[in-house]
Amino acid sequence: MHNIFKGLITALITPFKDNKLDLYALERIVKHQIKHEVDAILIAGSTGESSSLSFEEYKLLLQTSVEIVNKCIPIISGCSSNNTTYARALAAESTKIGVDGFMASPPSYVKPTQHGIYKHFEALHEACNLPIMLYSAPTRSGVDFSDETILRLSKLPRILALKDCGVDLERPLRIRATVKKDFNILTGNDEVVLAFNAQGGVGWTSVASNIVPNICKELLEKWNKNDTKGALEIHQKLLPLYTALFVESNPIPIKYAAHYLGLCENEIRPPLTEASDSAKKQIENIITSLSIKI
């Protein structure tokens, strides 16, 4: 099975207007990613406010994205839930709609054991025939995969990757030494992409690439061509942007940044709130200093 989980994957925001999906803005956002040749887009993940979507909205979001993309780039759907039955329904619907793969985190809040985490993903694996990326986000889930559980899950034929949002930079080295050769490990943290890939990572699921996909793509291309100096120069230039985009809970800052650049409304669903005035100013200043334009 072809592994789509590699390179630059944009964790896409979900645009809203008047408390409904803004499909016109979605088209602008998706076409911006296609224009700059990202390797894939992730729909309805944490950055996409997936927990605020109804099942009908989830379906409409995926269906519209598939139509816009028209097979130009792979689409990965988020299928995280602390209800295994509901997560299976998301995975089954993703398959039906025609996305190219899906990502899921360990069930949040309920604090399953490692065996429970394994059984959850085994159930998702059985629910469809799509490739799967594990999503390690312990600050969101409250639990995480152990290295042993990742190894067990990697033996299931369609579990092909791990998106790691943790802070343990030894982890990709440890995992790389035990899992199958075609199992990919990507970081979900913009600020550590170079360090992570130096330790065995093969890509990057990025928040910043919602607004600077061209620069993120250039960074990764330089890294893959062994132009470490060039990649580091770009990374250092982007560091203030990474900081600004996480000055408040993701996706609050990136939603405002996208709005400031004309991609969408600055509408975010409760219990999240829009960016504070100080956060807005910080975001505006870095966008101006980097001359970011859409």
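Placement of Cβ uses the backbone N, Cα and C atoms for every residue, glycine included.
As given in Swiss-Prot:
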type: ACT_SITE; residues: TYR135; note: active site, proton donor/acceptor
type: ACT_SITE; residues: LYS163; note: active site, schiff-base intermediate with substrate
type: BINDING; residues: THR47, THR205; note: pyruvate binding site
type: SITE; residues: SER46; note: site 'Part of a proton relay during catalysis'
type: SITE; residues: TYR109; note: site 'Part of a proton relay during catalysis'
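In sequence order, PHE5, MET103, MET133, LEU134, TYR135, SER136, LEU186, THR187, GLY188, THR205 constitute the residues six or more apart from LYS163 (active site, schiff-base intermediate with substrate) in its chain with CB-CB distances below 8 Å. The most densely surrounded of the recorded positions TYR109, TYR135 is TYR135 (count of other Cβ atoms within 10 A of its Cβ).
Counting in whole angstrom, SER46 (site 'Part of a proton relay during catalysis') lies 15 from TYR109 (site 'Part of a proton relay during catalysis') by their C-alpha atoms.
The CA atom of TYR109 (site 'Part of a proton relay during catalysis') is located 19 Å away from the CA atom of THR47 (pyruvate binding site). There are 22 other Cβ atoms within 10 Å of the Cβ belonging to SER46 (site 'Part of a proton relay during catalysis'). All chains included, 24 other C-beta atoms sit within 10 angstroms of the C-beta of THR47 (pyruvate binding site).
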